[in-house]
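**Student:** Just passing along the structure, written as structure tokens.
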Amino acid sequence: MEGIIGTETNGIGTSADSAALTERQKRIIVAVILLATIVIANIPLLSRTALWGADFDYHLFRIKGIADGLENGQFPVRMQTVQLHGYGYPNSVMYPDALLYIPAVLNVLGLSVVHAYQVFAVAFNALSVLVAYVCFKRIFSSRKIGILAGTLWSLSAYRLSDVYPRGAVAEWLAIFFFPVLALGVYEVFRPDTGASGAKRPSRAAQTGRRRSADAPNWGWLLCAAAATGIINSHVLSTEMTVIAFAPAIIVLLVYNHALRVWLRLLAAGVGTLLLSAGFLVPFLDYTLHADLAVFSISAADKVALATGKALEPGRMFLLFSPMTQFPESSAFSGQLPYSLGWATMGFAFLWFVLLTLVRRHDGTFRTTLRWGVPPLVAGMFCAWLTTTFFPWSSERLRPITAILATVQFPARFTSFVVLAMILLGGLGFRLLAADGQFARYANIVFAVLLVFGLAEGGVTVSTYMTNAKALAPFEQVTMAENNGLAGAEYLPKGTDVATLEERYPAGSLPKADDGVTVTDFSKTGTTVTFAAAARRDGEVVLPLLAYPHYVVETQYTGSADCTLTRTDSATNLLAVKVPRGFDGTVRVRFREPLAWKLAFACSWISAIGMAVGGVIVRRRHRTRAYGE
């Protein structure tokens with residue numbers, strides 16, 4: 001491929017040699033384009049003024065909750081105490097937050113929560129651009145395609161809407177791993193020869209050194225790492241990833257169902273479970289035993305929400321639409337313009353156009369067609385789910401729609417549509433650059449799509465900057481006025497916050513029955529201690545919500561010990577039943593089950609083991625291949 005980046009010999013398509021640019025010049029140009037993409041993606045964050053996002057406050061509470069838990073001696077943090085007067089909220093059990101430890105630690109070190117998040121977001125946005133570039137470059141063995149695909153992915157309107165106006169921190173962190181998963185799936189299914197039918201080029205081949213025929217395939221590990229990242233970022237994105245990737249994997253298995261492929265998929269699944277056990281075991285424990293409000297939402301309510309949030313198809317084709325909600329006077333009032341992007345659509349269109357125009361139906365043509373079917377099928381399926389064309393309100397399909405509707409907003413499938421279009425575009429561009437008749441147009445197409453993609457991203461973030469309102473000071477205002485629960489999905493079932501605050505106003509707890517005296521009360525995180533003396537049987541209501549795995553520990557005189565109970569179903573606070581004659585100290589604390597601790601250790605041991613094992617295997621292979 002000759003032009004802006006210079007010549008490349010690709011595992012997917014080849015091109016003529018050129019001495020127009022040195023390798024150093026090519027790298028500089030790549031760096032400049034990637035830097036431009038990083039700057040555009042971060043424009044709203046390059047300001048002292050934090051801008052408002054719909055769910056931003058909720059995620060700032062999550063970060064502050066982790067920081068507070070770390071300062072109180074919790075690790076890993078399970079029960080957060082910055083929400084609802086510090087009564088304890090299992091955000092970290094039900095909502096994965098592994099990556100949020102980074103801004104939380106920055107907060108512990110002295111940065112405000114908002115500034116800690118901004119530093120983290122800028123760095124992670126930059127990393128997202130670089131990782132996307134590397135993944136697409138590896139898939140297509142082309143820097144040029146890597147740059148174009150990485151830019152279009154990083155500046156896609158849906159991803160940017162997650163980062164900014166929606167403030168959907170968990171979801172955009174999960175989206176980071178989608179290109180990694182795509183690369184992993186490609187590596188799992190690619191044959192021993194490259195996708196073009198020729199042996200895949202390697203550093204050994206480029207340097208003239210011998211490459212071993214039994215080079216390890218790391219596709220399973222990439223899949224496991226990416227899936228683990230998604231699981232530990234956003235539960236709903238995990239569900240959507242399974243739904244979106246399943247059609248593509250089914251098609252790929254039709255093409256290639258060799259034993260080694262099944263073994264790689266098995267290894268990816270086992271690796272994912274081992275790496276994610278630290279989150280999955282507590283999550284499943286509370287899902288099965290905690291009886292939370294989130295599990296009492298009816299199927300009808302879920303479907304009704306999904307039906308109302310499905311996109312009108314025309315909204316996906318808007319050009320340079322401002323990243324703000326449509327005004328109340330609009331037919332789409334309160335909605336965001338989730339455009340697929342004209343540059344991305346043009347990129348994907350290359351696949352269809354080139355398959356139609358190319359005359360020479362050789363191995364490259366057949367490979368382009370064959371590898372394009374999986375993303376085409378998956379992308380069309382996700383596009384259908386995203387829009388009002390899908391029968392969300394169908395009574396006959398209620399068993400299916402009730403499951404799909406757990407994603408809440410069908411628009412979330414937009415990111416998978418964009419990913420599928422980019423993969424199709426990469427294949428189309430590869431065929432364009434390899435065809436003798438049309439290769440001369442490759443540089444023009446590259447330049448036009450790149451500039452247009454950068455412009456679309458620039459307009460998107462610029463209009464957000466123009467229209468967004470400032471975020472209220474978090475520590476000074478939001479934490480005082482907001483209970484941090486958002487939809488309160490993880491409260492015990494039946495809990496009514498208004499009733500709770502009416503019966504037990506902030507600062508009124510603990511509250512003891514007549515005949516029970518409480519002294520020396522203290523609370524640190526989720527642990528309370530106090531001295532109690534009882535002339536008759538009674539209860540002490542504690543400033544802790546009643547969740548599983550709280551225990552009571554006592555030192556006392558008397559004939560009976562204290563036990564834990566809870567208040568009525570509208571308040572669901574923990575209470576200690578103090579028997580007549582009791583006189584001693586009481587300690588109530590959240591005790592992490594042994595299974596949780598073992599699962600957490602399993603995840604870390606697995607991660608370290610896979611990393612060390614990978615290094616050892618790689619070194620042994622290099623020694624055999626290069627004779628070192």
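Positions of Cβ are set from backbone N, Cα and C atoms, glycine also.
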**Student:** Need the matching range: TrEMBL marks transmembrane segment on one of 213-232, 413-432, and I'd like to know which.
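**Tutor:** Matching range for transmembrane segment: 413-432.
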**Student:** Could you pull out which residues elsewhere in the chain have a CB under 8 Å from any CB of the transmembrane segment (413-432), counting only those six or more residues past its ends?
**Tutor:** 10, 12-13, 136, 139-140, 142, 144-145, 148-149, 152-153, 156, 158-159, 162, 175, 178-179, 182, 240-241, 243-244, 311, 316, 338, 340-341, 344-345, 347-355, 358, 364-365, 368, 371-372, 375-376, 378-379, 382-383, 385-386, 407, 438-439, 441-442, 445-446
**Student:** Using a Cβ distance cut-off of under 8 Å, indicate which of 28-47, 242-258, 265-284, 371-393, 594-617 has the most pairs with the transmembrane segment (340-359).
**Tutor:** 371-393
**Student:** For the transmembrane segment (116-136), could you work out the same-chain residues 6 or more beyond its ends whose Cβ comes under 8 Å from its Cβ atoms?
**Tutor:** 30, 34, 37-38, 41-42, 45-46, 50, 59-60, 63, 99, 102-104, 106-107, 145-147, 149-151, 153-154, 163, 169, 173, 175-176, 179-180, 182-183, 422, 426
**Student:** Taking residues 6+ outside the transmembrane segment (28-47), which of them lie with a CB under 8 Å of any CB in it?
**Tutor:** 4-5, 21, 118, 121-122, 125-126, 128-130, 133, 143, 147, 150-151, 154-155, 160, 163-164, 450, 454, 457-458, 461-462, 464-465, 468
**Student:** Excluding the flanking five residues on each side, which residues at least 6 beyond the ends of the transmembrane segment (172-189) place their CB within less than 8 Å of a CB in that stretch?
**Tutor:** 99, 124, 127-128, 131-132, 135-136, 138-139, 150, 153, 159, 162-163, 195, 217-227, 229-230, 233-234, 237-238, 241, 245, 248-249, 252, 255-256, 261, 264-265, 268, 415-416, 419, 423
**Student:** Suppose I define contact as three or more CB-CB distances under 8 A, residues 6 or more apart in sequence; do the transmembrane segment (594-617) and the transmembrane segment (265-284) meet it?
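**Tutor:** Contact confirmed: at least 3 Cβ pairs fall under 8 Å.
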